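Straight out of Swiss-Prot:
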TRANSIT   1-30  transit peptide
ACT_SITE  H304  active site
ACT_SITE  H350  active site
BINDING   R359, R431, R451  oxaloacetate binding site
ACT_SITE  D405  active site
Amino acid sequence: MSFLSVSRLAPKLLNSKNATYFLVAARNASASTTNLKDVLSDLIPKEQSRIKNFKQQYGKTNIGQITVDMVYGGMRGMKGLVYETSVLDPEEGIRFRGYSIPECQKLLPKAPGGEEPLPEGLFWLLVTGQVPTEEQVKWVSKEWAKRAALPSHVVTMLDNFPTNLHPMSQFSAAITALNSESSFARAYSEGVHKTKYWEFVYEDSMDLIAKLPCIAAKIYRNLYREGSSIGAIDSNLDWSHNFTNMLGYSEAQFTELMRLYLTIHSDHEGGNVSAHTSHLVGSALSDPYLSFSAAMNGLAGPLHGLANQEVLVWLTALQKEMGGEVSDERMRDYIWNTLKSGRVVPGYGHAVLRKTDPRYTCQREFALKHLPNDPMFKLVAQLYKIVPNVLLEQGKAKNPWPNVDAHSGVLLQYYGMTEMNYYTVLFGVSRALGVLAQLVWSRALGFPLERPKSMSTDGLMTLVGAKSG
């Protein structure tokens, strides 16, 4: 059994006597190795062999049917991608390499004195399938600190963007400009063998993740802090701590929130716009900078990465109209009026989930601990009591429960980050952890160019025997 397979068993056994044994078994072989690339070098041949054998035995097996509704409906529910780093269960929510968010909060290393998991630990888990040791997480922190400096042309570019250019446009453009530093693009042009592709994609991915907080902080300072300096990276601090320092936030609780935020927004299966875009563009052997920049252009769309802004706008309008504390009955009437006017309650419902998003739950727990009396949080908590019941009464929603976006903006506002246009940049920094971990594996496993078959409406009608016109 491979280490990846063993580690996937562990979450199912967490409540058993054997849980510790399996967790240790999943880590022992590489626990003494802090270099992530060395661990990958050991794992990749085993996973290649496992998948090769699987394809040989089951390559022609049918795994589902495709309906006309699926083709017209954004391919919802269509099984068409292999994505290793996370799986979204409709009832349980996201699992990172088999581990739920509560399990990750419990098992992943934390900063000294901290209570939230370090994103470096989650990245190690996403890449290897193994829960890392504290030493392995420290290695990642130092490695990213070492790689964080931005090339001068990117700094100049960021400093010369007009202030009316959206933060996500700046973010995407700067990432694209980093393509000049791509190890993969250079190696490919020199004729590197395809079995070595993953090594250079790994190097680019590590460099890019290291540099993203610097890009994001530079954008924030230029737009909202009069272009003040982001300062220097401290190699003794973790990735999130350096990020909050560069943003100009020194409160320890905000740094803890950022660790949680960057962890839970990192990955959400492979079919969402940003993950699928990265996978698609990467399949053309575009380097990680180009692939991730394309993903960020998808994330910038209102239907993907702007949802938490829409929640805050709606909450602010609700507060303005309803005043201070609002009775449950008045709140219920307001929600019904929203629905009857043809609008939705932002932050509720999800394309896949059918229960409360565990990413919402862990943010709620953070708020209950650190800001229980904040008026905006109390409003969010009140909505959590009322909205699902109203949506169930209405009878239209497949999922009446809150998602991650129903809460994240409120937490950021509480700690003083009120610039809503910037929130998607934070989302983007986080999402790099998941999609780039998968990009490394896509090249390691030799995934081909993505090229599905498209059809015209007339072609579909002919296929199913329908009359056109």
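Cβ coordinates are placed from backbone N, Cα and C, and glycine is handled just like the others.
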Quick one: what's DSSP say for R359 (oxaloacetate binding site), helix, strand or coil?
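It is helical.
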List nothing but the largest Cα to Cα distance in Å, as a whole number, among the residues R359, R431, R451 that the record says bind oxaloacetate.
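The oxaloacetate-binding residues span at most 33 Å between Cα atoms.
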Do you know offhand how many angstrom separate R451 (oxaloacetate binding site) and D405 (active site) by C-alpha?
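Between the Cα atoms of R451 (oxaloacetate binding site) and D405 (active site), the distance comes to 32 Å.
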Counting only other Cβ atoms and using a 10 Å cut-off, which of the recorded positions H304, H350, R359, R431, R451 scores lowest?
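Per-residue Cβ counts within 10 Å for the recorded positions H304, H350, R359, R431, R451 bottom out at R451.
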CA-CA, which of the active-site residues H304, H350, D405 lies nearest R431 (oxaloacetate binding site)?
H304
Checking the contact step here: among the active-site residues H304, H350, D405, which have a Cα within 10 Å of the Cα of R359 (oxaloacetate binding site)?
D405
By the DSSP assignment reduced to helix, strand and coil, which category contains D405 (active site)?
helix
How many Å lie between the Cα of D405 (active site) and the Cα of H350 (active site)?
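So the alpha carbons of D405 (active site) and H350 (active site) sit roughly 10 Å from each other.
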For H350 (active site) and H304 (active site), what Cα-Cα distance in Å is obtained after rounding to a whole number?
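Per the Cα atoms, H350 (active site) and H304 (active site) stand 11 Å apart.
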If you count Cβ atoms within 10 Å of the Cβ of D405 (active site), leaving out that atom itself, what do you get?
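By my count, 25.
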